[in-house]
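Reading through the structure tokens given below for one structure.
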């Protein structure tokens with residue numbers, strides 16, 4: 001009995017891949033979207049503390065929860081995209097929602113009635129008037145719209161751009177690989193512009209204008225996106241891939257007591273619909289318990305087209321292998337969560353370090369806005385990406401004989417090592433900053449904070465440079481990992497995995513900060529490690545703690561990477577499979 005069957009059907013019309021021709025619209029949309037989104041979010045921490053009069057740790061927790069919810073929402077966005085709407089419609093709806101959310105935040109800055117009165121320069125924090133419930137409600141309504149926008153844009157925009165290239169040609173594959181790198185190049189360009197020009201306007205000119213600029217840029221993003229509508233390749237949704245996940249686990253549980261055949265790659269049921277967009281996957285020995293879902297028994301019925309009559313009683317081997325791809329990725333995803341905590345903590349607390357450092361340029365009176373220091377991480381990332389793509393990668397290909405230079409997981413491992421170095425350098429710099437603030441003449445007092453250390457803010461650049469390099473290896477590697485290792489019909493979910501990792505990291509960062517602050521703060525005092533006044537706290541100890549946690553995470557990741565098997569299509573595994581077959585044994 002032949003159990004592997006791919007039914008012939010009328011040949012599907014090949015999509016008209018425009019590739020590079022579609023890129024001006026795709027990249028234009030993504031660049032302006034990032035400029036708008038990042039221009040709004042980059043300085044939110046300062047906005048909440050200075051305009052809405054929130055305490056530092058409260059504002060930090062609000063931002064962490066906001067970022068976490070944005071990233072968790074990508075699961076819903078990916079589900080709607082892959083199941084009902086498709087990536088094009090999802091991106092269109094989400095872009096409009098982001099634009100409306102930015103408009104709401106701009107209004108909170110433009111109208112005095114929508115935010116609390118400004119604290120006096122000489123007043124203590126207790127004298128500041130906090131936001132009223134309805135002011136918070138209006139602010140958070142803007143956050144909700146931004147969350148809806150992020151939930152649709154983040155899991156879909158990268159996959160939508162890659163959809164414009166033919167994955168079955170060498171030029172298309174090269175185009176996809178380059179698109180990943182240049183996607184992040186435009187991302188870093190957007191971040192740098194947001195953290196310099198936009199943040200300066202917000203901090204030094206006017207918040208309403210500073211938030212209005214990103215809103216206008218988001219409008220341009222929507223315009224670019226819809227102008228290119230006629231030339232896009234729009235991949236249609238295939239139904240819920242989550243149903244296949246549940247079916248596989250249910251059927252595997254039902255058949256848990258059955259024994260797998262000795263040559264499962266040729267004996268298990270493996271009907272593949274001709275309309276499937278997924279690559280045909282080779283059998284893998286890992287997670288053999290799931291392979292039992294494809295065991296064909298006498299009770300199982302087959303339709304005339306070769307498919308299972310009841311998919312809750314029998315799954316195809318192809319479906320099982322697709323689910324294995326997802327399950328195998330989960331341990332790597334968990335390792336990514338701890339890595340992201342480094343990024344979250346650095347992004348937040350380096351701003352507070354900068355506030356209590358000497359931010360003057362030379363001997364002049366101009367001060368670099370505290371949030372702008374994060375731009376050095378983006379400069380590092382943006383310089384490294386084209387250097388890696390054009391210089392380092394070709395060299396690595398010649399050395400390793402690997403078309404990718406080094407493997408995706410090797411890149412992630414390098415990123416983790418750099419993350420550990422980042423936290424160690426940050427701890428040393430903070431120790432120096434605090435020491436100078438306590439032992440040398442200071443440069444004044446920051447309202448609601450403390451004295452300003454005479455240490456130049458330029459000493460924050462090394463840690464930011466390292467974290468930028470770390471992102472270049474780890475984050476880009478993880479994005480590529482989830483895109484390539486997930487089945488084609490679940491790539492939006494693959495993208496959402498990255499952002500769900502960020503979400504977990506945001507929530508865990510908030511929890512970690514709160515726990516450390518509570519444990520290290522004595523009753524009735526404000527002198528814990530994460531004190532409002534960094535000079536009274538020990539932020540350096542906190543950095544050492546995060547570095548230690550990342551060391552443990554690196555060990556966990558190395559164990560996972562050793563176990564992991566990359567997704568292999570049947571064509572690339574054919575020779576290996578033929579070697580495994582014993583001609584003396586029956587196939588069924």
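Every residue, even glycine, has its Cβ placed from backbone N, Cα and C.
Taking TrEMBL as the reference, the stretch among 19-42, 43-66, 67-90, 91-114 described by the feature transmembrane segment is residues 91-114.
Listed ranges 522-540, 541-559; the one TrEMBL annotates as transmembrane segment is 541-559. Between the stretches 305-325, 326-346, TrEMBL puts its transmembrane segment entry on 326-346. Here TrEMBL gives transmembrane segment for one range in the set 254-275, 276-297, 408-429: that range is 408-429. As stated in TrEMBL, the feature transmembrane segment covers range 182-201 out of the listed 162-181, 182-201. Per TrEMBL, the listed range annotated as transmembrane segment is 495-516 (candidates: 231-252, 495-516). Stretch with the largest number of CB pairs closer than 8 A to the transmembrane segment (541-559), among 91-114, 207-227, 326-346, 459-483: 326-346. Counting Cβ pairs under 8 Å that are 6 or more residues apart, the transmembrane segment (366-387) and the transmembrane segment (459-483) reach 3 or more and are in contact. Between the transmembrane segment (207-227) and the transmembrane segment (134-153), fewer than three CB pairs separated by 6 or more residues in sequence fall under 8 Å, so the two stretches do not touch.
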